[in-house]
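Peer 1: Features from Swiss-Prot:
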CARBOHYD  Asn23  N-linked glycosylation site
CARBOHYD  Asn38  N-linked glycosylation site
CARBOHYD  Asn104  N-linked glycosylation site
CARBOHYD  Asn269  N-linked glycosylation site
SIGNAL    1-28  signal peptide
Amino acid sequence: MAFIAALGIFMAGICPAVLCFPNGTLGRDTAVQEDQDNGTQVDSLTLASINTDFAFSLYKELALKNPDKNIVFSPLSISAALAIVSLGAKCNTLQEILEGLKFNLTETPEADIHLGFRHLLHMLSQSGKEEQINIAVSMFIEKHLQILAEFQEKVRSLYQAEAFTADFQQADEARKFINDYVRKETQGKIQELLSDLVERTSMVLVNYIYFKGKWKMPFDPRVTLKSEFYLDEKRSVKVPMMKIEDLTTPYFRDEELSCSVVELKYIGNASALFILPDQGRIEQVEASLQPETLRKWKDSLRPRKIDLLYLPKFLVSTDYSLEDVLSELGIKEVFSAQADLSRVTGTKDLSVSQVVHKAMLEVAEKGTEAAAATGVKFVFRSGRVPTMTVRFDRPFLMVVSHTGVESILFLAKVTNPN
C-alpha cells in the first residue's frame, strides 16, 4: 500500500499577497460542461509531456537547493495551482507563469491550456474503488474582498474550486479553520498546514492531492527485516527492508545512464517507477531527467523475472517555500510589485507573497487496510541461488504516475528512508 499527499498553498494579500472570492461559500461544480467549451483542450499526451518537463525542471532546482536530502512533491498540484493564478494574470505576469509551466504560447492558446487541465483533473477524479485519488482546489478569502465575476466563474467551472470566506483579521482563528479543513481532507495525514499567516494575507489558495493505492503484488510484512541502507560510500543506516521473491514485473537496465528501472503497479490506473542509479551515479541520472528520458524508460520496460527485490519501507515528508525555485524557472513578476493580477479584482494591487508546498509519501507492504495482502501466497524456496536480485539499498528516485492520462502525480528522491 502506498499513501501520498501533497498540498500547495498560495498566500495572497494586497501588496504582499493574491487571489480572492466574494462573500459566501462557492461549492464545487461536479459536472464537466463540455458544451460550454469554445476551444479545444490540449490533448492528454501533450499536456502530460509538458507537465513532465515542468516536473523535472522543478525537481532539478529543488535538488540543487536541497542536496543530499529527501525530495517529494506533486508537480501536478503545483502546476494546477499556478494555472489558476494565471487566470487572474495579464501581460508579462501571465506570460511568465504559463511559459514557466513549459507551455509554448505561440502554439497553444491560453484558453486551451485551462481546458486541458480541466479534462485532466476530471479524468483523475474518476478513480476506481481499488484506488483513491482526490485532487481539489480550495480558496479561503478575506470576507471583505470582492473579485470579478468572470474570474470567479472560470475558477469554478475549469478547476472545480471550492471557496470559503474567512476573517484574516483574526489570524489565529483563520489559521485554525484552514488547518482543520486540510486535516479532514487529507484524512489526518497533514496535521498542520499553516504555522502562521503572512501579514496582510487576503487569500489562501490550497491545492491538494491525496493518493492511496494497493500494490498488485504486495509485500509480505512477515519477511520485512532491518537492513543496511547506504547513504553514500562511507555512511549507512538501518532501515526496515521489504522483500518479495519470484516477482515478474516490468524492468529495464539503462546502461547509458548506469541505472536500473523497475515498475511496480498498483491495482487500478496508477504505477510507481523506481529508478536505482549505480553507486555514485545519481547526479548523472538527475541531470538527464527530461520527458524524453522518462519516455525511453517506459518504452523500454519489459516483463522480467526478479528472484529477489528489496525495497525500503519508508515515510518521507517535505515542506517547501517555492518562491525562489519558481523564480529560477522564470516565474518572477507575480511575486513583485509589478505583478498584474488585474483579472482577479480589476486592480493591480495584488501580488503573490508566498507559495508553500507540503507533501508526504509513505511506501509500505500494506496500509491501514489489511486486505492489501489477502489471498497472496509467497513461495520461499531454499537451496537455489537467485539469478537476479534488485536491492534498493542506496539513494533512488520514484515516479508515481496515472497510467490513464500518463501524468506524473508525485516525484521523489529517497536519500534516507529514516
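Even glycines carry a Cβ here, placed using N, Cα and C.
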Peer 1: Here are some glycosylation sites: Asn104, Asn269. Which one has the most Cβ atoms within 10 Å of its Cβ?
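Peer 2: By the 10 Å Cβ neighbour count, Asn269 comes out on top.
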Peer 1: Rounded to a whole number, how many Å is the Cα of Asn104 (N-linked glycosylation site) away from the Cα of Asn269 (N-linked glycosylation site)?
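Peer 2: Cα-Cα, rounded: 29 Å.
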Peer 1: Using DSSP reduced to three states, classify Asn269 (N-linked glycosylation site) as helix, strand or coil.
Peer 2: coil
